[in-house]
Amino acid sequence: MADAIDSALETKISYKILKIILYAILLTPIWLWSAFLFPFITSKVIYFRLLIEIALAIYIPLTLLHPSLRPKRNWLTGVVWIYMLIMFVTAIFGVNFSKSLWGTIERGEGIITMLHFAAYFTMLPTVLRTRRDWQKYLTAVVIVVTFLGLIGLVQLSCGLEKEGFCRFAPPMQGTRISATIGNAAFYAAVMLFGAFLSWFMAAEISNKLAKRLFFVAGFFNAFIVIQTQTRGGAVALYFSVFLVILFLIFRGQKRSVKIASSVVAIFMVLGPFILFLKPASLPDPIENIVVVKRLSRIFKTDTTTQNRLETWEASWKGWRDRFILGYGYENYNVAFNKYFPPSIFKNQGSQIWFDRAHNTVLDIAVTTGVFGIAAYLGIFAMAFFALLKAWRRTVISPVQTVVLTALLFAYFIQNLFVFDTHATYLLFFLVLGFLAYLTIGYGDPVASTPKVYNLGYMPTVVVIVMAIMSIYFINLQPASANYFTTEGIKSAKLKQYRSVHGNFKKALSYGTYMDEEIRQRLFDYAAESSASGALSPQEKKDLYNFVVSEFEKNIAQAPHDVKNYLYLMNVFNISAAEIGNVDRVFELGEQALKLSPTRPQIYTELGQAAFLKGRQDLGLEYFKKAVDLNPQPKESHLNYILAAVLSKRADIVNEEFNNLRQLGHTLTAEDHGLIANIYGQVCDVSAARAQIQTAVSLESKYKVQGQNFIAELEKKCLTQNK
């Protein structure tokens, strides 16, 4: 009976369409549409969720008629869904359930998206029910990932050039390749999957030509991992490959393989000593190779390494506060803000907002507590158990077992330095689905005849209606809001400033989970529009009032996120002339400091507000506090100098100039020009002239501009003195 049902299933058009959709899902990492905000993320998440929802609309009715399609109980599937349940329950007790559920634009995750991945994992071993099905599917995976590798190779060849064929290459992450993934670290993780799955298929296929092609694809993908210059990816590749090499040395079938593996192992052991220690007696031919130079700093105290360590320390402190249930999925930023390490603020371009720990274990621990991290680690435990079970049943060879073990090991190590994105989640859950297939044997005949539920068209109609609602509310509405946000940004870039307000208003009219981030972008471009001079005073006032009302909503919806308070403080400061509600800054600052007491930026905004209210002594205290929290950044000292100039505190000005020199900071011509401008506001012409002279000595192009400034200043101050 089971065989007859399976035979009937194979001929169904809906089942064939379902398989096609599963193949189409593999294109998720390639998908990229620039019309979206965060295009490398939004393009993929919308595409993936849409296909999963369509697939479920086909899959669920089929399971009623064909029992062989129904998921079978197993430990791996169980622990994956337990993890999803824990994620949901801890979110209920977290600080922002809505954010846990929906996630953010920048990451595109949230529980809803994770449930899509869990559904994908559950469907895979039931739809792909034979070894041949999986051979074809994994071959398609290797082709897609290798194609991503070729895109990276094009980026590597073209560099920053955008002429000829190179204009078709997606933008790089600075000078590092990232293909259509958009981030070098995420790209490295994807290529790790490509490398090991290629080697797995090389051991799976008997055809000699195909075997060689898979081997070549594996080494090519590993080469791309190195070219991403991602240290976490390189470490993961190194140790996982070393694991395979050790297996070949001690368990290899052929003597030649053992000898070759031993030679490789020797080089792998000596390599780190040459790379990191570099004895003085050795020549240094690798010094100018960018990839090697970056990898050689893995264990050194460069800025990235220091920031990671400080972020992990803040994460540990945050986890201890809510050790059992965590802050709720996607709410890592609340814990990080509470224990914000001021030292990571190095300069104006520093990354100071973290929504991830750059360590998946800490991310999950902080957001879902001890239960969540236990379930997450349980997934790996059950995955390794599934591999062991498959090996014992001789479903896969010892070499294949080690290769898949090394893949999971590499993925775990990589995630100790970064976090997941859609492309890596896709491949991880795909591998888990394959392991579920190997251990359960979905293609095997069933022992008894399960019940068939022939309920007519009603289940199909219900599922289709639910799918349509899901597609609209989960995907199309957010996609529309995202699109109009991008249109608002385009309007500002094209200097069509009057269109900015309308486009952002349209984006926010959809009322989606993206609203919080859309409002933050609204502020950025509202400030630019206001400063452009293209808007009338009334238009500027209306725009700022709109921004204020929207950010009040942000605070109401996410009262634990200090970022919204800081944004609104900034709005009130820069719109003092239009709105005149600077007193609100002090209220917001008091609340912000409770959420993030060590953020210098909060004190900077409070200092500006104090000066706007004419309370200069209080303002100086705030600016001094910002400096004391972290004396390193030049910007904090410069702000303090400007405040001291306005307060006519020459003692503070002189002291801060000395502090800057001792710290090794050099003021630019623009910095001196800014100081001159503030001296001009208090009519200290001689001090302003001295600053202009210094600026001109650094940048002669400012000579005429500086002379005109001093001339105008002398006239203005002479008039005021009269």
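Every residue gets a Cβ built from N, Cα and C, even glycine.
What TrEMBL annotates here:
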TRANSMEM  20-40  transmembrane segment
TRANSMEM  46-66  transmembrane segment
TRANSMEM  78-98  transmembrane segment
TRANSMEM  137-157  transmembrane segment
TRANSMEM  177-202  transmembrane segment
TRANSMEM  209-226  transmembrane segment
DOMAIN    219-377  domain 'O-antigen ligase-related'
TRANSMEM  232-250  transmembrane segment
TRANSMEM  257-277  transmembrane segment
TRANSMEM  364-388  transmembrane segment
TRANSMEM  395-413  transmembrane segment
TRANSMEM  425-443  transmembrane segment
TRANSMEM  455-474  transmembrane segment
REPEAT    600-633  repeat 'TPR'
- Query: Thinking of Cβ pairs under 8 Å, which stretch from 46-66, 78-98, 137-157, 177-202, 425-443 has the most of them with the transmembrane segment (455-474)?
  - Reply: 46-66
- Looking only at the repeat 'TPR' (600-633), report the model's average pLDDT. 96
- Task: May I ask you to check whether the transmembrane segment (20-40) and the transmembrane segment (177-202) make contact, with contact taken as at least three Cβ pairs under 8 Å and only pairs 6 or more apart in sequence counted?
- Result: yes
- Message: I'm a bit unsure how to read this: which one of 46-66, 137-157, 425-443 has the highest number of Cβ pairs shorter than 8 Å with the transmembrane segment (395-413)?
- Response: 425-443
- Comparing 46-66, 78-98, 177-202, 425-443 for Cβ pairs under 8 Å with the transmembrane segment (137-157), the winner is 177-202
- Task: Just give the helix, strand and coil counts over the repeat 'TPR' (600-633), going by DSSP.
- Result: 27 helix, 0 strand, 7 coil
